[in-house]
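Visitor: Per TrEMBL, the features are:
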DOMAIN    1-285  domain 'Major facilitator superfamily (MFS) profile'
TRANSMEM  20-39  transmembrane segment
TRANSMEM  51-72  transmembrane segment
TRANSMEM  178-198  transmembrane segment
TRANSMEM  204-229  transmembrane segment
TRANSMEM  236-257  transmembrane segment
TRANSMEM  269-288  transmembrane segment
Amino acid sequence: MSSMFSGCVVGRANGVAAGWANVGAGVTQLVMPLIYSLITSFDVPSFKAWRVAFIIPAILQAVTAIMVLVFGQDLPDGSYKRTQKTSNKKKENVIEVLFHGLKNYRGWILGLTYGFCFGVELTTDNIIAQYFYDRFNVKIQTAGAIAASFGLANLVSRPAGGVVSDAMGRRFGMRGRLWSLWVVQTVAALLCVLLGRVNSLWCSVFVMCGFSLFVQAASGLTFGVVPFVSKRSLGVISGMTGSGGTVGAVVTQLLLFSGNNKFSTQTGISLMGLMMLVCTLSVTTISFPQWGGMFCGPSVDPDSMDEHYHLLT
C-alpha cells in the first residue's frame, strides 16, 4: 500500500484504506446481535445460535479473499511477475531484506506503540458491548449499537490521523509526524483511563466516542511514519508494525480481561489506558539520521542523506 503513494500523501492513503476497512468492526457489532436474534426467533437454542451466526462472516471472509486474489494488483506497474520480467532492477535477497528490517529498532518501537493503539482498539471491540450490557443493564441490541459506534468511527478518525500526519510532516518534517503521534495516542490513553472511571451510561458513551476518535487516529498516525523507516525493508517494517497490533490485543486481553482476573472490567479498561500511556513514551526514542526525532535534529553525517539511508537500511 505504502509503495503506491508519494511521501506527502502516504499517511492519508494508509489511513483511508485501513480506516475504512476497520469500519467492518463497527458493522459487526451492529449486525451480529441482529443475526443472533433472528436465528433464536426460529427456536434455535442460544448456545447453537451464536455459532450459526458466525457462518455469515466466515462466508464473507472467504469471498473477500477470493476477490483479492482475482482482482488485486501487486504493484503500481502491474503484477509482480510481469514487472520482474520487464524490469532491469536487481532482485533483492530475501534474507538480507528480512535481516535489515529486523535489526531496525524503529520497526520494533512502532510495533510496540501500534500494539497499544490498534491492539487496544481490537480489545475494546471485543469487550465493549458486553461491558455496557453488564454494567448498565442495557438490551443486547442497544449494547451492540453503542459498540458499533466505536468501530464505525474509523470511517473518519483513522483517515484523519493520516491527514494530520501528512500535514504535520509538510510543516515540521518527521518531528511533526512523531510529535502528533505521541500527543494523539497519549490523549487516547487518558480517555481510556477515564472510560473505566465514569459511572453513568451517557458519560461512558461520550467518553468512549472521544476515545475511539483518538485511538483510531493514532493508528493512522503510526502508518504515517512507517513508510519512512526503510524503503528496502518496507514490507518487513509494515509487517512488524501490523503484527504488533495483534500481539498487543492478545496481551491486553489475557492480562486484563481473561476469566482469571480478580478485578472488574472497568478497572481493566483503566489499567489498559495506563499501559497505553507508558508504552506510548517509546515514541520519544525514535530518531532518523536525515530527519532527526522529537528532541533532536538531523545528523551531519553525509551517509545519512535521504536516498542513501533508505536503500541501505
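Counting starts with 1 at the first residue shown.
Every residue gets a Cβ built from N, Cα and C, even glycine.
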Visitor: Looking only at the recorded stretches 204-229, 236-257, 269-288, which one has the largest tally of CB-CB distances under 8 Å to the transmembrane segment (178-198)?
Guide: 269-288
Visitor: Mind pulling out the one from 51-72, 204-229, 236-257 with the most Cβ pairs under 8 angstroms to the transmembrane segment (269-288)?
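Guide: By the under-8 Å Cβ criterion, the transmembrane segment (269-288) pairs most with 236-257.
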